[in-house]
Amino acid sequence: MSDFKRRKLEGGKSAIDAARERKALKKASAPLKKSHAKPAPSNKPTAKRPPPPSPPQSQSEEDEDEFGGFSGEEEEDVSRAKMTNGSTAKADAEAEQSDEEAEAQAAAAVEAPKKTFADLGVREELCDACENLGYKTATPIQTESIPLALAGKDIIGLAETGSGKTAAFVLPILQALLDKPQAYFGLIMAPTRELAYQISQQVDALGSIINVKCATLVGGMDMVPQAIALSKRPHIIVASPGRLLDHLENTKGFSLKHLKYLVLDEADRLLDLDFGDSLDKIFKVLPRDDRHTYLFSATMSSKVESLQRAALKNPVRVSISSSSHQVVSTLLQSYMLIPHKYKDLYLIHLLNDNIGHATILFTRTVNETQRLAVLLRTLGFQALPLHGQLSQSNRLGALNKFKAKARDILVATDVAARGLDIPSVDLVVNFDLPHDSETYVHRVGRTARAGKSGKAVSFVTQYDLEIFQRIEHALGKQVPEEKVSRDEVMVYAERVGEAQRVAVREMKDLHDQRKSGRGGRGGGRGGGRGGRGRGGRRDNMDMDEG
């Protein structure tokens, strides 16, 4: 291994140890609390891996040291360092967790038995619809918010991702609609097209027994079919703010002056995406009196507080998640410490250990999303890309194929990290770490939803150490490391190398097509915000898409 590369990897090693030492020294003077924390469960994958391809015929010892990141002596040094710091780090971790465990045990002791939807006051027809969808008992956010909604209260709902909040606001609207059927009865606003379509599907499913009509209004789609759907006077409208405003201003005969229910879903995200001006204009044409409003959000920022004051009347706050960085207890988190240049090899090893499991891979850029999708398809994996520069039809097609299990790997930017209810995701892989801990929580929240178990694995390279330390700090605990033998990973080097060359050629063709204005497989006609990069502008394929 070259001195430069060795220094880089050694720097990575010392950075982790130094961070842990600083943390241990900082807390050494404070008395430690007693703890009965149980050891973390093993993160070793249990799925059997098919026979790997034959290893390369020739492999130098220098290449092996370079690949693995540490020589044998270095590995012993790392082990000794971890053992030296291990007792202190373990004690610190136990001290940190003791209060949390005590609170969790206290909460469990007083937790009431799970309630059915009938217990919450939901009518029999809608209970039957819930039963048909496999909803046996209500989730905590449903248990807390549905009775309040049925009592006519405005609600602010703060809940962790995957908590079942969509049904929490759809069921009360449908129940009120049964008592007083009316066109344009309810309006649900969502920040993204995908989330809007997902909510519409939930409305259709829960309202199928009572023949509810729902229209979906989102950008990137032809306005004419949407106007036709509005002319049929649907009971419920699910919309993104921008496209809803377009129809309010341009579609003849469409008015919401008799609206009874308004829902702002993912309100923090609505404001993050600069929908504030559109929302102000929409609120001006909505009735203020005789309207019930529900606001659901992952966080309660100052912007959301302002939105609450503008849209709600004497709301009741329902908070299920005590922290914006809380993850569900059924989620098993781990990380792999790997050299940056071998991320593809580690990924293939991980996916082979999870053959047949529904998996979402998260990347930072559109370019990397496309490259990984090509790489995986070349190696025989059923992978689809999902990012903001795909046309709307391609994005919906990718989501529907993944939901229907026609494809088992979705390679996505953070366009898919919030709000999407994709059932039965077994594994989330942070191929690229997100820039902040909140995005991390939303990403890993795609699995272990509604009480199911799931796993999230993060790739941490020598360039990601500081970011990962910040994520761990926000989570309030250390994420356990998942170790992989370099020999197990190295057997994929030859085949992965060939697939990488294929991906490079395809990506070059794609970029050439974009420069010539012909679009291409990655872009579609809908493109993304910011266009095609004409006039020497940076290609949007290389930009972060958070």
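Each residue, glycine too, has its Cβ placed from N, Cα and C.
Per Swiss-Prot, region 'Disordered' is recorded for 1-108, 504-546. Per Swiss-Prot, the feature compositional bias 'Acidic residues' maps to 60-77, 94-103. Marked as motif 'Q motif' by Swiss-Prot on the basis of a curator's inference: 115-143. According to Swiss-Prot, the domain 'Helicase ATP-binding' annotation covers 146-318. Taken from Swiss-Prot, the feature ATP binding site covers A159, E160, T161, G162, S163, G164, K165, T166, and the record attributes it to sequence analysis. The motif 'DEAD box' annotation in Swiss-Prot covers 265-268.
Sequence features annotated in Swiss-Prot and their locations in the structure.
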residue : record           : CB count, 10 Å
A159    : ATP binding site : 22
S163    : ATP binding site : 23
G164    : ATP binding site : 19
K165    : ATP binding site : 28
T166    : ATP binding site : 24
The motif 'DEAD box' (265-268): DSSP-derived helix, strand, coil residue counts: 2 helix, 0 strand, 2 coil
Per-state residue totals over the motif 'Q motif' (115-143) - DSSP helix, strand, coil: 13 helix, 0 strand, 16 coil
S163 (ATP binding site): secondary structure state under DSSP, collapsed to three categories: coil
